[in-house]
Every structure is written in structure tokens, then in C-alpha cells.
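In TrEMBL this protein carries:
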type	residues	note
DOMAIN	35-187	domain 'SIS'
BINDING	50, 51, 52, 63, 92, 93, 118, 119, 120, 123, 170	substrate binding site
BINDING	59, 63, 170, 178	Zn(2+) binding site
Ligand SMILES: O=C(CO)[C@@H](O)[C@H](O)[C@H](O)[C@H](O)COP(=O)(O)O
Ligand SMILES: [Zn+2]
């Protein structure tokens with residue numbers, strides 16, 4: 001396969017995944033309403049994920065605290081992926097599987113929403129943090145791919161992308177992240 005053919009294949013797989021999101025639009029709108037209700041009731045939204053999904057967590061949290069498109073007041077959202085002192089101390093003292101759950105234990109309130117990005121749906125640190133959020137009584141949202149993994153069964157809401165290819169799943173995740181921010185700012 002030439003390099004151009006390689007790129008054409010990726011582009012066509014990306015387009016196919018995006019086209020298959022259409023039936024999920026009601027589910028995406030439902031999650032947007034959960035986010036809107038949370039923020040209207042004084043809650044905050046916590047995000048987490050590993051690797052590219054850590055970047056997605058920070059990206060979406062930044063749209064909420066800053067702005068997506070509309071001039072408005074800042075809204076409360078935190079990416080649990082950014083504080084290297086917390087990540088290294090909890091990782092070092094308790095283990096990598098606890099880097100998010102410990103922060104959920106410390107920061108999450110029942111009126112909050114906790115969002116886990118995991119293309120496999122099986123990253124142990126995300127799964128454990130979602131379990132902690134549920135125990136607190138917060139609403140939980142999984143952003144996954146493939147079969148949805150463990151998060152699909154665990155989360156109150158799970159948006160599972162119709163692909164098993166990590167980059168294609170992540171590209172769909174950020175489209176949905178932007179769409180949710182769009183609906184957060186809608187009248
Ligand atoms: O961005 C990518 C691949 O596109 C990687 O950094 C990827 O996020 C990492 O391998 C993650 O550790 C995968 O974890 P997960 O999505 O299965 O939870
Ligand atoms: Zn990636």
C-alpha cells in the first residue's frame with residue numbers, strides 16, 4: 001500500500017465512523033441535557049482518560065471553563081489528568097489504577113457528572129474512578145468504542161463509537177465532545 005493509499009483508507013474509515021453517528025444523536029442530546037442539568041444545579045463535570053483520551057479530557061474541560069463559541073460566564077469542569085503532583089504521588093503511593101479514583105473521592109459531589117474517555121472501555125484507572133463516582137451518587141458517562149468494555153455496563157450513560165480502531169474512536173469522541181459543548185451553550 002502506498003502512503004497515499006494508507007491515508008485514503010484512514011479517511012474513508014473516519015468518514016464511515018462519522019456517518020454511523022447519526023442514529024446516536026438522540027443519545028448525545030440526552031447526555032448534553034445531563035450536563036446542562038448538572039451545571040444548572042450547581043454541579044461540576046469531571047473528565048478523565050489515558051493518552052489521547054487525557055488530551056480529550058483537557059480539551060473538553062477547557063471548552064467548558066473557557067468557552068466553546070459563545071460569550072458566557074465560565075462553567076465548572078475539571079480534567080483529572082493535569083496535576084502532575086497528584087498523579088505522581090497517588091500513582092507512586094497507591095498505584096496507577098488509583099490516579100483518577102482518588103481525585104474523584106476527593107473532589108466529586110453527588111450533583112456532579114463524571115466522564116470517562118476510554119476507547120477500550122477497560123482502562124482500570126477509569127473503571128475504578130467511575131465505580132467511585134457511582135458510590136458517591138454522581139452521574140457517570142462513558143465515552144468508549146468497540147463493545148464498550150466494562151464502562152458500557154457500569155456507566156449511567158455510555159456513548160460507544162462504532163469502531164474498534166483507537167484513533168478513529170478518538171476522532172469521533174472529540175466530535176461528540178464539541179457537540180456536547182455546542183448543546184451546553186444552546187438556548
Ligand atoms: O492516543 C492514543 C492512540 O491513538 C494512545 O495514547 C491511547 O490513548 C493510549 O494507548 C491509551 O492508554 C488507551 O487507553 P484506552 O483508550 O483503552 O482507555
Ligand atoms: Zn491518539
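Quick reminder: no glycine exception, Cβ is built from N, Cα and C everywhere.
Checking the binding-site residues 92, 170, 178 against ligand 2, the ones whose Cβ sits under 6 Å from it are 170.
On a Cα basis, residue 52 (substrate binding site) lies 10 Å away from residue 59 (Zn(2+) binding site). Taking each of the binding-site residues 59, 63, 118, 120, 178 in turn and counting other Cβ atoms within 10 Å of its Cβ gives the largest count for 118. Within the set of binding-site residues 50, 52, 63, 118, 120, 178, 50, 52, 118, 120 have a CB atom less than 6 Å from some atom of ligand 1.
You'll find the Cα of residue 92 (substrate binding site) roughly 31 Å from the Cα of residue 63 (Zn(2+) binding site). You'll find the Cα of residue 118 (substrate binding site) roughly 17 Å from the Cα of residue 178 (Zn(2+) binding site).
Cα of residue 178 (Zn(2+) binding site) to Cα of residue 120 (substrate binding site): a distance of 21 Å.
Residues 50, 51, 52, 63, 92, 93, 118, 119, 120, 123, 170 are recorded as binding substrate; their most distant pair of Cα atoms lies 32 Å apart. Looking at 50, 92, 170, the binding-site residues in this record, the fewest other C-beta atoms within 10 angstroms of the C-beta turn up around 92.
Each residue contributes its Cα atom, and for residue 52 (substrate binding site) and residue 63 (Zn(2+) binding site) these two points are 17 Å apart.
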